Amino acid sequence: MQHCDDLAHQKLSFWNDTGKTGISAWVFSTDHKRIGLLYLYSVLSFFLVAVTIGLLLKIELIAPGRTIMGPVTYNALFTVHGVLMIFLFIIPGFPGAFGNLVMPIQIGASDVAFPRLNLFSWWLYLIGAVTIIFSLFTGGGPPDTGWTFYVPFSVKTGTNVSLAVFGVFIVGFSSILTGINFVTTIHRLRADGMQWGRLPLFVWSVYATAWVQILATPVLGITLLLIVAERLLGTGLFDPARGGDPILYQHLFWIYSHPAVYIMILPGMGVISEIFPVFARKPIFGYKMIAFSSLAIAGAGSLVWAHHMFTSGMSDTAILVFSFLTFVVAIPSAIKVFNWVATLYKGSISLEAPMLFALSFILLFSIGGLTGLLQGAAATNIHVHDTQFVVGHFHYVIFGGAGFAFFSAMHYWLPKFYGRTYAEKPAVVAWGLLFVGFNITYFPMILLGLKGMPRRYYDYLPEFTHLNQLSTFGSWILATGLALMLVNLSRGLLKGEPIGRNPWGGATLEWTTQSPPVTENFEQEPVVTHGPYDFNGAGVP
Amino acid sequence: MIQRDENRYAGAKLGIWLFLFTEILLFGGLFLLYAAYLSQYPHEFASAGHEMQLAFGFANTLVLITSSMLAAMSLTAVQLREQRKALIMLGATIFCAIIFLVNKYFEWSSEINSGFYPNSPRLATGPMGEALYFSLYYLTTGLHGLHVLIGIVLLTLVSVKVSHGTIHAGNYVLLENSALYWHLVDLIWIFIFPLYYLVL
């Protein structure tokens, strides 16, 4: 790497200190920064494939009837889009990439607690991903069940479901090991003086996420194994004709997959909690409540799985209980939003790219959260169930929330690890295109759902045409913004201006080390004497 | 920076306990299905449970508890610097584990020969709940058997390390963690045994 020739006064960074060269210096490295970048490159590759598929789906929906593909292809493509985005991008993306890159530095550790296990997790992720990709081209062709693999269809369909769910099982195992590694790291490897009350809020959110990974993923694991057993052995556990109960499958599936939503969003909230104080030049408002609300979201979020099943056939009491618990999750989420907004109050706000993404996160996530409440209430849920409204809602939460936080984190932290930075103006233009394109793409879906257009259908009635066309048009703006952002980032990180230790004036530990950091993260062991948002104590000019 | 030995030890212990939680949750899904279907088909579960051969289950329980004790003894032996004794105890543990699997093989064969296996003609024509009982039985004991197999591989690796002296009185956390894993395998069986062989 020719990264810091002009920064000769610096110590060798983690990019060029190793004895090994070439690809083996990366794929067999136990350095958490290299593993974090490996995760980043792999999740972004799958993200781009899934984006392309998403664009194809939107083109199909530009007009009623068949446009560019038939219904069978459409079913396969939306399944693959969902599986790639959920299991290979957003769930492993945040903990794998930014959890690995940033969390150990923020707590003052030289690496995670189990570096070799960390590498093994990435390998498992890759093996699982290859298995999933392999399942698309072998056997009966790509699975067409939707990413939820609902029985009985997933048992009856002739497509390659068994291999795909086995791949997801392997990826899930990788997620569990990452969670174990992170909890242990945060408990055991904090620097001297890094008390729990001084942990950066991103670390708190990674901590809460890691617990969800540990406690929820095994249930998904067994559920997926049960699908394979059902398909291969005919165990009949979910087959009503043989006494089984398909609703039990849905319970087991959502016991994992609803908490998984919090694996996707919690680290994103952590990123926002880091960026607001730095770009408003103010200590965060309500540090303890933000830290606590991450744990509360992880806890309460694990008790609400059955709100996905209001129309599946449950007792009215169960619906009432799960509806109530779902509303409970809104409380810690709202605590966070209020505290972020209060942090901005009378702040000296600097509107640079990470901050723009963070600000738009609040709006998009709030729309996503509020449309979620509409579905948490049983009466409105029955009206919008399985419509485009749901599709709009979860894209607002997962793309508008977790995705925009991911982009924010990329602009905020990646310069640290490359030692160079992107160009500001294209970054702002890309943000504008993404924000506008996002809303034009997904807001029409919310309206379409309210009017009654079902999700997962490749055809629709003529009265839905205009909104669908608008949505497809928006997806092109969105894609343009994405392309501009990725080009600008990769150009800047490889050839841009070198940055110093602390370009944003942050007070957390990662800004005290050189950019890019040395292999052991710090030139000397840090001793923490102040909180993460105490800008006076940080000695920042 | 906290990288002292004491902390490494505590970290490794924390890691294995978190992992054991995930194992309990993995089996938890199957126990959950057992509970749901038992409440739905109590009579069918009872009649299917009477087909089980208590002797096989009882023998396996004894073998597994003994092996767990032997694993714990090997840890104590390493702590007391008695390498030979530790190796004998580990060998005995692995031997018990193999006995367990052999016993399981005969048990499964006998049940399959009697026509009790998922999708078998005998179960297809019988009452609905019985087929579910046997499906769950094979899945749970199968997954447990897989864990026994993994335990055999793990304990063999640990034995090699003990014989090379990489695991010794100053550093035995890998042996301790493997023993903890083995106790969990034992513990899960302690739940499987009454649920499938005794209570129905």
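Here, residue 1 is simply the first one shown, and the rest follow in order.
In case you wondered, yes, glycine gets a Cβ from its N, Cα and C as well.
Taken together, the residues in the domain 'Cytochrome oxidase subunit I profile' (A:20-529) have a mean pLDDT of 93 on the 0 to 100 scale. Feature annotation from TrEMBL assigns domain 'Cytochrome oxidase subunit I profile' to A:20-529.
The transmembrane segment annotation in TrEMBL covers A:38-57 (among others).
Per TrEMBL, the feature transmembrane segment maps to A:77-102 (among others).
TrEMBL lists A:122-141 (among others) with the feature transmembrane segment.
Same-chain residues lying 6+ beyond the ends of the transmembrane segment (A:161-183) with a Cβ under 8 Å from its Cβ atoms: 83, 87-88, 91-92, 95-96, 99, 103, 112-114, 117-118, 120-122, 124-125, 127-136, 138-139, 142-143, 145, 149, 154-155, 206-207, 209-214, 217-218, 220-221, 224-225, 227-228, 231-232, 263. As annotated by TrEMBL, transmembrane segment applies to A:161-183 (among others).
The transmembrane segment annotation in TrEMBL covers A:204-228 (among others). A Cβ distance under 8 Å defines the sequence-distant neighbours of the transmembrane segment (A:204-228), meaning residues of its chain 6+ beyond its ends; these are 94-95, 99, 103, 149, 151, 154-155, 161-162, 165-166, 168-169, 172-173, 175-176, 178-180, 182-183, 186, 235, 237-238, 249, 252-253, 255-257, 259-260, 262-263, 266-267, 269-271, 273, 290-291, 294-295, 297-298, 301-302.
What TrEMBL lists as transmembrane segment is A:248-272 (among others).
Remote same-chain residues near the transmembrane segment (A:284-306) are listed as 197, 199, 201, 204-205, 207-209, 211-212, 215-216, 251, 254-255, 257-259, 261-262, 266, 269-270, 273, 276-277, 314, 318-319, 322, 325-326, 328-329, 331-333, 335-336, 339-340, 342-343, 345, 376, 531, 533 (criterion: CB distance under 8 Å, separation of at least six residues from the stretch ends). Feature annotation from TrEMBL assigns transmembrane segment to A:284-306 (among others).
Residues annotated as transmembrane segment in TrEMBL: A:318-341 (among others). Within the same chain, residues 269, 272-273, 276, 284-286, 289-290, 292-294, 296-297, 300-301, 303-307, 310, 362, 365-366, 369, 372-373, 376-378 sit at least 6 positions outside the transmembrane segment (A:318-341) and bring their C-beta atoms closer than 8 Å to a C-beta of that stretch.
According to TrEMBL, the feature transmembrane segment maps to A:353-374 (among others).
Annotation comment: TrEMBL describes A:394-414 (among others) as transmembrane segment. Long-range neighbours of the transmembrane segment (A:394-414) within the same chain, counting only residues 6 or more positions beyond its ends whose Cβ lies under 8 Å from a Cβ of the stretch, are 85, 90, 93-94, 98, 101-102, 261, 264-265, 267-269, 271-272, 274-275, 352-355, 357-358, 360-361, 364-365, 367-369, 371-372, 422, 427, 431, 434, 438, 441-442, 445, 485, 489, 493, 504, 510.
Per TrEMBL, the feature transmembrane segment maps to A:426-450 (among others).
Annotation comment: TrEMBL describes A:470-489 (among others) as transmembrane segment.
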Region pair the transmembrane segment (A:470-489) / the transmembrane segment (A:77-102), three or more CB pairs under 8 Å: no
Residue numbers, six or more beyond the limits of the transmembrane segment (A:38-57), whose CB comes under 8 Å of its CB atoms: 26-27, 68-69, 74, 77-78, 80-81, 84-85, 88-89, 92-93, 96-97, 100-101, 122, 125-126, 129, 475-476, 479, 482, 486
Chain residues outside the transmembrane segment (A:77-102) and at least six past its termini with a C-beta under 8 angstroms from it: 32-33, 35-37, 39-40, 43, 46-47, 49-50, 53-54, 56-57, 69, 112, 118, 121-122, 125, 129, 132, 136, 142-147, 164, 168, 171-172, 174-175, 178-179, 182, 202, 206, 209-210, 213, 260, 263-264, 267-268, 271, 398, 402-403, 405-406, 409, 413, 417, 456, 510
